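*Asks:* According to Swiss-Prot, the record shows the following:
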- I18, G60, V61, G62, K63, T64, E65, D248, E313, R385: ATP binding site (BINDING)
Amino acid sequence: MSDLTPREIVSELDRFIIGQRDAKRAVAVALRNRWRRRQLGDDLRDEVYPKNILMIGPTGVGKTEISRRLARLARAPFLKVEATKFTEVGYVGRDVEQIIRDLADAAVIETRERMRDEVKARAHKSAEDRVVAALAGEGAREQTREMFRDKLKRGELDDKVIELELQDNSSPFGMMEIPGQPGQPMGGMMDLSGLMKAFGGRRVRRKLSVAESYDLLIAEEADKLLDDEAVKAAALEAVQENGIVFIDEIDKVAARTDARGGDVSREGVQRDLLPLIEGTTVSTKYGPVRTDHILFIASGAFHIAKPSDLLPELQGRLPIRVELRALTEEDFIRILTETDNALTRQYTALMATEGVTVQFIQDGIRALARIAAEVNGSVENIGARRLYTVIERVFEELSFSAPDRSGETVVVDAAFVEKHLGDLSRSTDLSRYVL
């Protein structure tokens, strides 16, 4: 659990997302309130519920990215889902309780990885012993084993192929799903693969190089040192206390008052979400999960529907409203220059792997931002995602010929951008299809 202050959280989000100050402040306060709640006494702690958030804004302005970065900062179980993927209970499709089951699955995987790291040193020693035994043979003398161990540590045996007996993690039930219930495994709540594991599981013999075998052996030896019940208990606590669920496209299940049609399950999805967001208990294969203190962040563009078209009860369960504004040309310039994961840095690094040096000049960056903003304005506003399309088009020729141009320096200025994009950006009909 992160103990960052709201100011520190916003500062960290600023490294990856430009603008949207109100949304950043809202999620920062929501995260800090979790830390505050943990400082309270037992009598009051259960009474403090998270203030769920509704983000309203066009596509590509940072709604999803804010939530994803927040989850990483909080080191919390996180799940992003689309509201349109779910149907009302009784109809063919996934019901909303699957959200919590998927969140629990993600939490167990994260918790297991974290606990593996804690026992990695001991697991590494056991893995090394198994590799030495495979190299020297089971009945080898201690002196021979030590000789192989020394060579192993010096990396002299990395390419040598050995045969090992490993746990078979593939589940014969993995691909069996209930017809019409995507993502719902055959066997319902029964974890058949876990049942097989309890009886020792299946082991297979595999031939691997010494270097390849280490990661598999360390993971297997670490799992032997872990208590499965402790992993599940820690994961379920993380879900219940720190879980974050991001529900995208919530506006697509908001039925407009004047709308007519056969989409009967839209309002039903909203009704099914009510108890989940309010607080209920969901059965998972790891045990029951209470959703009372899971933070729900819903988002939507609300181009056609309005937030007031949501069920009044659902509106009441999303008390914090945040509007995200559309991005401007100046925002695009900042996105290309100020963020830690800026596209300019990414393309420079990608071309450097081919020995090509790429230099972005300020007027080139401004030209990219201008064209992205113009196309957004004239065709369809898809926010920062337009930059991906524009830059990919500019670099199309260079990306193809880069292996033949090793040692060259390419300067991306306004003329370079104009040469590769000028005609397309000026022709609305063409940009509608190409950009």
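Glycine residues also receive a Cβ, built from the backbone N, Cα and C atoms like all the rest.
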*Asks:* Could you tell me which of these binding-site residues, I18, V61, K63, E65, E313, has the fewest other Cβ atoms within 10 Å of its Cβ?
*Replies:* E313
*Asks:* If you measure every Cα to Cα distance among I18, G60, V61, G62, K63, T64, E65, D248, E313, R385, the residues said to bind ATP, what is the biggest one in Å?
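*Replies:* Value for the max Cα separation, rounded to a whole number: 34 Å.
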*Asks:* According to DSSP, does K63 (ATP binding site) fall in a helix, a strand, or coil?
*Replies:* helix
